[in-house]
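Annotated ATP binding site per TrEMBL: B:Lys7, B:Phe8, B:Gly9, B:Gly10, B:Thr173, B:Asp174, B:Tyr179, B:Arg184, in sequence order. The substrate binding site annotation in TrEMBL covers B:Thr47, B:Glu74. According to TrEMBL, the feature domain 'ACT' maps to B:265-341.
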2 protein chains.
Amino acid sequence: MALIVKKFGGSSVATPDKMRTVVRRVLQGMQEDDKVVLVVSAMGDTTDELVSLARQVTSKPYGREMDMLLSTGEQISIALMAMAFKEAGHKAVSFTGAQAGIVTSNAFNKGRILEINADRVTEALDEGNIVIVAGFQGMTDDGDITTLGRGGSDTTAVAVAGAVNADACEIYTDVDGIYTSDPRVVPNARKMEEITYVEMLEMAKLGAGVMQPRAVEMGSRFNVPIHVRSTFSEAAGTMIQEDYSMEVKQYLIRGVAEDKNVAKVTILGVPNKPGHAYRIFSGLADRNIDVDMIVQSVRYANEGVTDITFTVSRDDAALVRDVLTAMQGDMNIEDVLIDQNMGKVSVVGAGMAGHPGIAASMFGLMA
Amino acid sequence: MALIVKKFGGSSVATPDKMRTVVRRVLQGMQEDDKVVLVVSAMGDTTDELVSLARQVTSKPYGREMDMLLSTGEQISIALMAMAFKEAGHKAVSFTGAQAGIVTSNAFNKGRILEINADRVTEALDEGNIVIVAGFQGMTDDGDITTLGRGGSDTTAVAVAGAVNADACEIYTDVDGIYTSDPRVVPNARKMEEITYVEMLEMAKLGAGVMQPRAVEMGSRFNVPIHVRSTFSEAAGTMIQEDYSMEVKQYLIRGVAEDKNVAKVTILGVPNKPGHAYRIFSGLADRNIDVDMIVQSVRYANEGVTDITFTVSRDDAALVRDVLTAMQGDMNIEDVLIDQNMGKVSVVGAGMAGHPGIAASMFGLMA
């Protein structure tokens, strides 16, 4: 007997036909006594269509109401998937994020999972159901519906796997595993059989795209093995886990990642006094802006001021400008420069530490 | 200061443009300190589209999952309506049926409202919000989403009005009030300024169509005046209330109603013993089948058996056959005949009692 959480993304459940394919695949792969939780996303373009509806009503990001709207996408999927399993003769029941006991912070549009009260899911599994949980959503302690932001369904799947103590979490996707680099960019990229949470986290944070970093962190925290594999083939994909299960050749460099969605922010002339950087970054944190690399440089000509440069997701650039403009006069900041035309290339690998010259090779290749 | 619950149906909120029209109308009609709860249905054809999606997955009526699916329709409406009010500069917040505290029975697809814990609605009103509640839905004590069946949004509106002790409940619709008969069938039908709950209940039960009988019952129970009026005009419609507020000419006949959605069921040869009719009708009640007129006749030739005839909604005819077929052998029933090709015409009016000859006139007209 195994207890497996399987996550299927929006393209895997885009039509009733595709849903039936998922149902067949899940049922064929089940041994007797296996228990299965399915986490599914909204069908195909549903989320985009809902966003477009909202845009016809307002251009403003009303977080709570947007989450009320967007969460219907997954709710539609889970209801239809449960019907599809029943139609195929298997007991099934669907749960919204709230019904699955997923409690989140009240950061609308980017809720974080605080805890999961999985009693209802566990009971339904014990009654012989395939349990279908809406990805990407949860509910605050106040009873407000939240969504988890980009890639939230991966996070839901891994978190639920942790909460029900699943043997593994399978992430079904349109690629067949994690590659050493983006195969669309680097033709000789290799698929990895295994990768550790820590390495994957570096890869994911750096924009490798396949797995959401929060989901990988969640896997590491609950020690849930995550199997990233193809929706369209039975072949094994890549297993993300605590350590290698077999002798794996220790590559110096584990992977190369790129991120094209970067904006660079430079704040010129910040008074060089304790508390100023704190004030800037807590102002950004209050708006849930994720700051990536930070460089602070003191000017030789004027030791009283410093320049701070950092990177953020390009999507947050406008919000960053709002936050910084609001504090500019008050803090005597000279100027704020935002360059949205940035990218980032990173090489990942624990083995690099003892091998000088990697940075030189990289700059050589880029040149 | 007045506290008003206003219900807008699916055609009134079918597009973002129509939603803006509703927002303008509500805001224009508000006095300072007025409090408004809006109950809205799913946009236009959304419910039909969801049903059609489900039909592509299964032909079976999986109640719980169907309600999970259908309830998204109203959830989309309330989110967009709240955004539209905020865009117009007014505080607003949306609540699903569950969030509005609407507790229902667990009869999926035809849930009945058991109670409303309106604390959250009241708090949000006190904070100056226009509160937008999803019609047609609620949640069971077990946390399952239910829908209330046909016309459920009217029921939601009147029940919420009762729970928050509203001054009135306004039902906005595509007709401008209640008519003495269906104006599409009877050209000289007259609009009534007022009608009592009891009269309206007769009219509604008999298929007058504009108001759901459960909503009228709810209004009578909580003594909430219900104002049925046009979405497209400022003119007063028809007020449904406990008693007439002014001298209204006491018509002998208050209205004529028709119902084309009728099936007649005849059970031949039911053993004429106590408990048999009880068993039949409780079997139907267990499946939530609403039985209308009942006629029981004893055969002169064989006093040991009786024939029972009753009418149900045509939608329930197949279910009735299932229920009766299951008990036929066990109860020695001779045969079950179901005629789906029936209609019903009724005349309503408390004044008829003391005036013989009304039935004769009616049969004369029909002939």
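Cβ coordinates come from backbone N, Cα and C, glycine included.
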Residue among the binding-site residues B:Phe8, B:Tyr179 whose Cβ has the most other Cβ atoms within 10 Å: B:Phe8
Alpha-carbon distance [B:Glu74 (substrate binding site); B:Gly10 (ATP binding site)] in Å: 9
B:Gly9 (ATP binding site): tally of other CB atoms within 10 A of its CB: 21
Euclidean distance between Cα atoms of B:Thr47 (substrate binding site) and B:Thr173 (ATP binding site), Å: 18
Within the domain 'ACT' (B:265-341), residues counted as helix, strand or coil by DSSP: 29 helix, 31 strand, 17 coil
Predicted model, mean pLDDT over the domain 'ACT' (B:265-341): 86
Nearest-integer angstrom distance between the alpha carbons (Cα) of B:Gly9 (ATP binding site) and B:Thr47 (substrate binding site): 12
Residue among binding-site residues B:Glu74, B:Asp174 with least C-beta crowding, 10 angstrom cut-off: B:Asp174
Candidate with the highest Cβ count within 10 Å, taken from the binding-site residues B:Thr47, B:Thr173: B:Thr173
Residue pair B:Tyr179 (ATP binding site), B:Glu74 (substrate binding site) - Cα distance, angstrom, rounded: 29
